[in-house]
Amino acid sequence: MAKTQAEINKRLDAYAKGTVDSPYRVKKATSYDPSFGVMEAGAIDADGYYHAQCQDLITDYVLWLTDNKVRTWGNAKDQIKQSYGTGFKIHENKPSTVPKKGWIAVFTSGSYEQWGHIGIVYDGGNTSTFTILEQNWNGYANKKPTKRVDNYYGLTHFIEIPVKAGTTVKKETAKKSASKTPAPKKKATLKVSKNHINYTMDKRGKKPEGMVIHNDAGRSSGQQYENSLANAGYARYANGIAHYYGSEGYVWEAIDAKNQIAWHTGDGTGANSGNFRFAGIEVCQSMSASDAQFLKNEQAVFQFTAEKFKEWGLTPNRKTVRLHMEFVPTACPHRSMVLHTGFNPVTQGRPSQAIMNKLKDYFIKQIKNYMDKGTSSSTVVKDGKTSSASTPATRPVTGSWKKNQYGTWYKPENATFVNGNQPIVTRIGSPFLNAPVGGNLPAGATIVYDEVCIQAGHIWIGYNAYNGNRVYCPVRTCQGVPPNQIPGVAWGVFK
């Protein structure tokens, strides 16, 4: 539904104040990529990559304008190549053009030719200047939307937005508040997006035998994974892709599990593999969410799994509800295991079958509750006892760091790393950039590691090579040291 001009004006003011109601608004100073500045509260980071870019603001704005029906793609210059839907019109910027408040300004020429730049018209001004609301004008991708007077240099197009005539937000609100008997609140429903990836996976030829519940070892929500992965291409998918990504109130269906396999268990695609036999769903934000938020993300996954089990005619049991660690050596699902069994596979190694069954039984109970009652509630293990999650546990997900005489911070961690699409130079004996070269870890290669280190501005993983050498491989950049370190974007996928 189109917005009124009053609603649009209110939205732009909220952007400028850093108070906009958006899931992509940064709530506190945040940094995950040392290539850019630390994002201040109020910045918009819609895809979880490269901090608060100019396009992030537009992605959020268009989602709001279209009631979450249209998600933009590409860089700023690509916005004039796509359709936002009914009511949106693309205009060339002519010498006589005076834009209206709320229009989208697109810069594609001159110094903006490579990537483009984009913002929102805050004040149409005149044919010489106008006021733009934008992000990343300074190149550091760290500020909330900021107003600036622009002289139209490089500005080639405007995108006119639909505006609804009629009552304003204030009148509508007053009308509702005058009602003596307000309508009861609707129960929140789970939104499922079927925006499938742009690659056709192999067909299974039958329904899946069950669901593997993963923890994503990442920081993105289901919507953010959709935004970053839907059109990522084969090179990224080869590093691992699940059928579903779930967070509070939202599940992204990346692949149709009823018809196609996914690459989520790391054990090949043979007829007996987890990839072939089972669907896979990621509980999102296992490395960033609070316990309370992560438990809400889990509930979305349980609710969705219950719906799929009904659709597929499956009963939740230990054969149909599976863990990633049952197929390959991995700590996944690490966060869920800590919360619901008290065992930390990252610091304590592989759990016993009894502990794995304890977690599976918890998952099974939650899924059954949704199938039978349509609802469920979380419980956690704290101090060895199961308790309600109304006061979430605060147990740390990672173990304690230690520092050696060389200034290297280190801790044990048993997991798997799948390299991205670029080779990485490894080092022998120590995690230093001037240590002897061990070779190149090829793109797409998988290694099982037992140690994590922070040294020389990088996070390293340590493992024993087949020839007996102790090898260290950098896997991302890192600012600072424990407990206040800020890791950069991972160069591959952790499982």
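Heads up, residue numbers simply count up from 1 along the chain you see.
Every residue, even glycine, has its Cβ placed from backbone N, Cα and C.
Same-chain residues at least 6 positions away in sequence with a Cβ under 8 Å from that of C54 (active site, for endopeptidase activity) are, in sequence order, A76, H117, I118, G119, E134, Q135, N136, W137. In the three-state DSSP classification, C54 (active site, for endopeptidase activity) falls within a helix. Look at Swiss-Prot and you will find C54 (among others) tagged as active site, for endopeptidase activity, backed by experimental evidence.
The annotation active site, for endopeptidase activity is assigned in Swiss-Prot to H117 (among others).
In three-state terms derived from DSSP, E134 (active site, for endopeptidase activity) belongs to an extended strand segment. The active site, for endopeptidase activity annotation in Swiss-Prot covers E134 (among others) and rests on a curator's inference.
The Cβ of D45 (Ca(2+) binding site) has 23 neighbouring Cβ atoms from other residues within 10 Å, across all protein chains displayed. The DSSP secondary structure for D45 (Ca(2+) binding site) is coil. Here Swiss-Prot flags D45, D47, Y49, H51, D56 as Ca(2+) binding site.
Summarising the environment of H214 (Zn(2+) binding site), the number of other Cβ atoms within 10 Å of its Cβ, over all protein chains shown, is 30. What Swiss-Prot lists as Zn(2+) binding site is H214, H324, C332.
Under the heading domain 'Peptidase C51', Swiss-Prot lists 29-160, citing sequence analysis as support.
Summarising the annotation, Swiss-Prot assigns domain 'N-acetylmuramoyl-L-alanine amidase' to 205-334.
Counting residues of the domain 'SH3b' (412-481) by DSSP class, helix then strand then coil, yields 0 helix, 45 strand, 25 coil. If you look up Swiss-Prot, you'll see 412-481 marked as domain 'SH3b', on the strength of sequence analysis.
Under the heading region 'Disordered', Swiss-Prot lists 378-398.
Across all of the domain 'Peptidase C51' (29-160), the predicted model scores a mean pLDDT of 90. Secondary structure of the domain 'N-acetylmuramoyl-L-alanine amidase' (205-334) per DSSP (helix as H, G, I; strand as E, B; remaining residues coil): 42 helix, 24 strand, 64 coil. Each of the recorded positions D47, D56, E134 was scored by the other Cβ atoms within 10 Å of its Cβ; the lowest score goes to D47.
For H324 (Zn(2+) binding site), the same-chain residues lying six or more positions away in sequence with a CB closer than 8 A to its CB are V212, I213, H214, H264, T265, G266, G274, G280, T330, C332, P333, K495.
A strand conformation is recorded for H117 (active site, for endopeptidase activity) in the three-state DSSP classification.
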